Each structure stands twice: as C-alpha cells, then as structure tokens.
C-alpha cells in the first residue's frame, strides 16, 4: 500500500513537498471559508451553475490569472536554475518537467482562458446582444477548460509531470521515451480543455454572425468583435487537428500502435506536421483578439475614429488564412528540401505584411488625435515597439537558411516570448484594464498600475534581450545546465534578474487589484473612458440581461454616434416600454459533465480502464439528462427590469 | 530644454554604440557572427541582410511612434491639430501595404537563392568527404566511411574540404548544430538527413545537439576539429593503427542511455550506419528518405 502510494504521489523533492503543503492548506482554507460564511449555496447558485456570459468570463479570468501565477513560478524556477553555470538547484528531470509545464500552461491554460474571458465579457455587450448564441454550451466550455487544466496541473504532485516539451514530439513522447503517466496527463489535460475551446470558437462565431443588434452590419462591427470572429474561424479549423493528433498519440501509447514511430512504418514527421498545423495558427488565435483590443484602446484614448477600418478588417482576415501556410517554418531543418522550405519561408514572411499594416494604422489613429495616458493606453504603447521588434526577428527567423542558425536556439526563445508577451499578454492586460470597470464597476488604481507597468516592461527587456545574444552564442533551448567555457553566464544572470522584475510586476498587479477592490474609483456612469462602442452605453457592471432595450445601430462607433447625435440610449427622452426578457436558466449539468470528463481523463492517464469508462459513462448520462430537460429558459418580468434599471440609476 | 534634449540624445546614441559594439561579433563568443566556412558565411550574410531590411521598417516606425505620442498627447494647451473624424487615406495605405511587399520580395529572392545553394556542396573544385553522424542517448557517433574509422563526441575534418554530414538517430530525434561552420539539421530515426558544411581554416569549433532528447540532452556537446588535409590523414592513420575496434557489443553499449567520454575506433561493423537506419524504420521508407536527398550516387560509400 505504502509502495503504491509512493509510486502515485510525486516524492523526493523538497519543492514538491512544499507545494503539497500549500495545496492542502489552500484547499482547507477555502473549505473553512465557504462553510464558516455559509457561502456554499451562493457559490453553487451564482457561479458553478451560471450560464451568464459575464460571470463565465470572470471565472475564466480568475483561472487564467492563477495559471499565469503557476506558469510564472515555473519560469522563475527555470531562470533560477540557469542563473549560474553548473548549478544544482534543479536536476535535469525536474527542469525538463518544468519547461514542459511552463509552455503548456502559458499557451493553453493562461493565454486561451484569458482570451475567452475577454470574449465572454465583451463580445455580447459590444454587439448589443443579451447573451451568447449557446449559453449552456458556453458554461460547458468553461468547465471543460477548467477541469482539463486541473487534470494537467495535478500531474506535478500526483504521478509525475510530462517532460517531453510543450509540443511533445515523438519518439520522445512515445511510451519508450516517456514512460509513466506524465505524458498521459498532457494528452488528456489538453484534450478535455481543447473540446471546450473548439466549442467556444463555434459559440462566438455564431454569436457574432447571428446576434448583432439591428443595424450593425458586419462592416459596422467594432474591431474587437472582428478580431474575435477571425480568431474563432481559426479555432474552428485548428483545434480539430490538435484533437486528432493527441488522440493518435494516445493510440500509440495506450494500444501500442506505431503511428508516430518509424519502427513498424509510422512517421514522427507526421506528428510534427500535425501539431504545428494546430500550433502555428494557435499563436494567431491568441494574438488576433489582442489586435482587436489595441484597436479599441487606441481609438478610445486618442479620441479619434480608428484609421483604415477596412484595412484593419482585411488584414485580420488575411492573417487568419495565412496562418495556415506557415507551419513548416517550425522545421526548416527537417530536410524537407529546398522547394518546400522556400515556399514556406516566403508565406511566413508574408504574414508580416498585414501585421505591419496594422501597426501603421494604429500609429495614424493616434496621429492628430488627443492621446491620454491611461493604463490601457500605456500597455498599448508599450506593445508597439515590443511587437515591431519581435515581428522583425520573426521575419528573420522565416529566412530558411538563416533559420538553420536560429532553430531551437535562445534567439527563437527571445523572439516568441517577445511576440507572445509583447503582443498577447500586453494586449490582454490592456483589455483587462480597459474593461475592468465594465466587469466590476470600479477602475484599478493608477499609481500601482504604473509600478506594475514599468517593472513588467523593464523586466521584459532585461530578461529577453540577453537571450537574443545567447542564441547567437550557440545556447540551445531546454539545456538545464552549462559550463563557464561558453561565456553564457553573465547573460543568463541578467536574464534571470529581468524575469524576477516581471514577477514583481505581477505582484504589483495582484496588489493593485486587492487595493482597488476597496479604494478603486467607482464608475457610476457606465462609461468611464468616454467610450465609442455599445458596451459603454449600459451601466457597470452590466445587469443580467445586459440591455433593457436592444439598441439600434446607425454607424460604426455606435455609442459615440449616439452620444454625438443624442439618440438611442444617449437620449433619455426616448422612453420606450419595457418588455419581458427571455433568458436561459442556470444548470448544474455543465459542471457535472466536465467533472465526469475529469474522472475519465484521470482514469485513462493512469490506465485504470474502469475509472475511465465510468467517467465516460458519466458524460453520457449528463448528455442524456440534458436532452430530457424541457424548461431551460424563463422570462424576466417587466417589474423586475424596472427595479433593476432604477437601482442602476437609469431613468425608468 | 534644448540642453536637456541634447544630453538625452547623447545618452541614447552612446547606448546605441555600445549595443552595436556588442553585436559586431568581434567577440568570438558570438559563434554565429564568427562564420568560419562558406556555408556559415552565406547564412551570416543572409542574417545581416534580413536584419538591415527589417531595421529599415522598424527604426522609422519607432521614431514615428515617439514623435506622434509626444506631439498629440492630451495636455492642456497642446496646439497640434486635432481631426477626430479623419480616418482614411488611400495614398498612405498604399504606401504601407507596398513597402513591406517590396521588402519581402527582396528578402524572398535571396532566401530562395541561398536555400537552393545550401543543398549542394559549397565548393565544387575539391572532392568532398563524407561523415556519418548518429545521435544516441546522449552522445554523438561519427563514422568515416572513407577512412573506416569512428569517433564518439568529437569529429576531425580536413580544412578547406566540403564535408557531407549524413545524419540519423538511433534514439530520439535530435539536431546536429555547428554554428561556426553553418546551420543545423535534424537527426531522425529511420531516415538519413544531409548537411553540407565546410571549415575554411584549421580550428576547433563548438557543436551541440539542438533538439531536446531527455535527461542528458544538455551534455550532448562535441568539438569539430578542422586540420590541414595532411594532418587529417595523419590523424586518421593514427586512429586506424592505435584505437580499438568498434564491435557490435561496444556499439550496443553506446546505445544505452547515459553519457560518454570522447572515444576513437579503428573500425566499425560493416554497414552499421545503414543498418541503424533500417532497424529504426528505414526499411519502410522510400529510398530518398533513407539516403537524405536526390543524388544518391554520392552516398553509397559503405555498400
């Protein structure tokens, strides 16, 4: 028994024991808190069963910030190990596990949910809609992501973490290269949350196409919604590829097939092709919405219409198509031949063109505007130089023969962190600061925000600029140790310093949020930034039904137009009668169904077949139960709408 | 005010000069900036070209950004023009769709040219030498089909002679990288890749595995020693005379997971390289995958 437990729990590392203790204490703390303050019912009714897109958005946000913390701790552990040559802080195996989980968590469990948080919080409001197209599916997507992420995170205390890199190339990720449950955690954690991501892509695509307010033609739609549309199209084509790839890898590992091993006639190159057919579009999936955020922020805080709206839309759509013609640049060095390499080198460079155009359009939105240095704007301004340089190194990487020298080196590491942090994270943070008042009804403190901004930004350059140099010095990614002989030591030490500065920036942000909950400037107008799009036309936080009256849209920048010409919600003379509002009912099924997936994933991870089957049976039962539910919706009566509107300070 | 600006400018340019000095590559630690053969030289030239072309866009954008933010910030009394409705200019849009297109065209042409040139021997007037490389857990095996000798974790090559590395793996997928001599190529089980490299002058060059292969990955480093042809021949003869033979048993030991010291062998089992490929799945591959490319006439040294 004790032996069995010893194989089950990860043992032997003081860092892991520390984590065990922290997890138990945190869980106990939560349980005691919920019981003592009698919050269980509240938690169940208001959150676990909710189908309200705004609450789902907030749950995504909280999860992604927690994952940012976990992924960030992974990053700091790695940087601590690399700070000095011949360091013995982590051993090879532990280091391999940490970089694998760092990459996986940051892309799939931090960036994706952060993005979905903003989709959920903003898109229906921006479209003048009362909900997303499929609210139940939306809740299910969240819980699938959540339980998938939990399954993946469990690996570092139970069973052992995956250690084959965040894309897990075979043959290393096959049973012979990675025995044990770690790699299975990777497969099932991603697989379960991936189903949720695909469903979210479908959900928001339909929401955008079908649920826009009357008058909002596609070419009058705000750019953030456009960026979500582009991103969703890409999700719909990319995620099934990931699902199939991981399923095939599972077949190899579980049933002893050899789809991705050359012995027996399989082919590891097939895996590398497939995973990047998802993987490269994936980075555009996460960066496109950031482009949308920058567009909204630049326009709002320059008090000016966005420059070249059509060009912006066109470039985003081109990016989502071109993103499928770039995957081979991840393995120029695989000997694909000069024809293939040349083709993909040029298609990869070409994606720089629409991206560059967007930068010029943002610049010329600011040109002859009036720029106010609010927090969202600061992050947007910091994004431009960071992304322009990161994009330039991206073009350099696309030059196939030059890539023979950059491939798998720290030059590459510096490049993709520069575009993913400078592009994606800065963008989502800009979005977070921008829409925070809409979510919670208060602004985040400015002074602490500036501290966070500067430590993040300075930390970023201190951390990643030396890594470009390290790449030219021949340092490859994923080495856990190095000697004094190569001259890498000072650069690594500086880089580690930068990483810790960024960590301090994150701490400032946590402090900023906690401080502002109490002391943040309250927003009573619903329109604290003098915004341009419909989400600013309703109170903050938005009522359950979002819009008491569905707005009529006459131009792009709909809310700005209403304010300018005093019509619609901006004119209080238009006193229309309220009508009962049709809303979906809360449901516990999404939570239970995802929990059953978790059980199934856990069973298959440890190859406990019966647990896996039991979990899948649970999923089937949940589906069946849902199909027999008849009363899934209700109407909010007029009286309640009147009361809510009056309490939010609206004329009734 | 003016003085303040000029001191700021001075600081910025000082910083720029320091950076330039750091990046010029006079420092030998910057292996990629220290090309020691025609392949590395071509790649280095392309790196410089792409950096310059990118800088031609990046620098103006940065200047424009700072200028615009400074001039149009929302400060009381800012007299800069304010045109909130101006949102379209065909000419400007044509300019910034056009410039990147031109740059990508230029870069694309040079990329294509160099890509095609790198699959051929870098010089044609010298007879190339072939070295067969096998990545193992976690060591490198080099076989010399012409000399019939083998080494572990170091390779000697004749300077001024094109070297055709044939690459495979007898474990995980790795990548063979010698930055000063030219780029890298994957080693994959069941397949033979090919990489042309050449050292112009004698010297010792750093090489490493560049694709993650598990616990011992960080230790998969090796030295490539380039010597004048005569000395290389001398070295090969010496190995042939004094080193032990690489028997199948010894090879099986090498394939076990673990690190290894530098080793030399006076011979190796017949067709070891091709057998390794076949055993790892090469027998299912099309011939061109097995033999790394099209002109197979140059490949079959040990058959």
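Cβ atoms here come from the backbone N, Cα and C positions, even for glycine.
Taken from TrEMBL, the feature domain 'Cytochrome oxidase subunit I profile' covers A:36-554.
Outside the transmembrane segment (A:58-78), and at least 6 residues removed from its termini, the chain residues within Cβ reach (under 8 Å) are 15, 47, 89-90, 95, 98-99, 101-102, 105-106, 109-114, 116-117, 120-121, 142, 145-146, 149, 153, 432, 439, 499-500, 502-503, 506. Residues annotated as transmembrane segment in TrEMBL: A:58-78 (among others).
Here TrEMBL flags A:98-123 (among others) as transmembrane segment. Within its own chain, the transmembrane segment (A:98-123) has Cβ neighbours under 8 Å at 53-54, 56-58, 60-61, 63-65, 67-68, 70-71, 74-75, 77-78, 90, 129, 132, 138, 141-142, 145, 148-149, 152-153, 155-156, 161-168, 186, 189-190, 193-194, 197, 200, 204, 207-208, 224-225, 228, 231, 282, 285-286, 289, 293, 420, 424-425, 428, 431-432, 435, 438-439, 478, 535, counting only residues six or more beyond its boundaries.
Taken from TrEMBL, the feature transmembrane segment covers A:135-158 (among others).
Sequence annotations record features per position, and here TrEMBL assigns transmembrane segment to A:185-211 (among others). Only residues 6 or more beyond the boundaries of the transmembrane segment (A:185-211), in the same chain, are considered here, and those with a CB under 8 A from a CB of the stretch are 100, 104, 108-109, 112, 116, 119, 123-124, 127, 129, 131-134, 137-138, 140-149, 151-155, 159, 161-162, 164, 168, 173, 221, 225, 228-229, 231-236, 239-240, 242-243, 246-247, 249-250, 253, 594, 597-598, 601-602, 604-605.
What TrEMBL lists as transmembrane segment is A:223-251 (among others).
Taking Cβ pairs closer than 8 Å, the transmembrane segment (A:271-294) reaches residues 107, 111-112, 115, 118-119, 167-170, 222-228, 230-231, 234-235, 237-239, 241-242, 244-245, 248-249, 259-260, 316, 319-320, 323-324, 326-331, 334, 358, 362, 380, 383, 416, 419-420, 423-424, 426-428, 430-431, 434 in its own chain, all 6 or more past its ends. If you look up TrEMBL, you'll see A:271-294 (among others) marked as transmembrane segment.
Summarising the annotation, TrEMBL assigns transmembrane segment to A:306-327 (among others).
Annotation source TrEMBL lists transmembrane segment at A:342-364 (among others).
TrEMBL lists A:448-469 (among others) with the feature transmembrane segment.
Counting residues 6+ beyond its ends, the transmembrane segment (A:489-514) has Cβ neighbours under 8 Å at 68-69, 72, 75-76, 79-80, 82-85, 429, 444-445, 448-449, 451-464, 466-467, 469-470, 473, 482 in the same chain. The transmembrane segment annotation in TrEMBL covers A:489-514 (among others).
Under the heading transmembrane segment, TrEMBL lists A:586-602 (among others).
Beyond its flanks by at least six residues, the transmembrane segment (A:608-625) meets 589, 592-593, 595-602 of its own chain at Cβ-Cβ distances under 8 Å. Annotation source TrEMBL lists transmembrane segment at A:608-625 (among others).
For the domain 'Cytochrome oxidase subunit I profile' (A:36-554), the model gives a mean pLDDT of 95.
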